[in-house]
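Annotation source Swiss-Prot lists disulfide bond at 15-49, 29-85, citing similarity to another entry. According to Swiss-Prot, the domain 'Barwin' annotation covers 1-87, on the basis of sequence analysis.
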């Protein structure tokens, strides 16, 4: 993919309980919201993981860890929702996951 595609959003690995898995999720976008502060951002799925949630790149983690508690606790609790980023998938029900600190 071109740099403009790769740099539009922060990156995450995805292995959540709902939604496409593996290769089918790659390139899709999520709106990720810190449940403690309401801070949110859009990320693009670029990999898969095995922890049952999301594995955010450090820039994204820091962007939504606005009160520093995620870093202190070693994880964030977030809601995530599939959003349109130029792909056809648009799931509207928010989901819940726990993220480990970078």
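Quick reminder: no glycine exception, Cβ is built from N, Cα and C everywhere.
Restricting the average to the domain 'Barwin' (1-87) gives a pLDDT of 82. Proximity of residue 85 (disulfide bond) to non-local residues of its own chain (separation of 6 or more, Cβ distance below 8 Å) is seen for 8, 9, 28, 29, 42, 44, given in sequence order.
Cβ contacts within 10 Å of residue 29 (disulfide bond), excluding its own Cβ and spanning all protein chains shown: 21.
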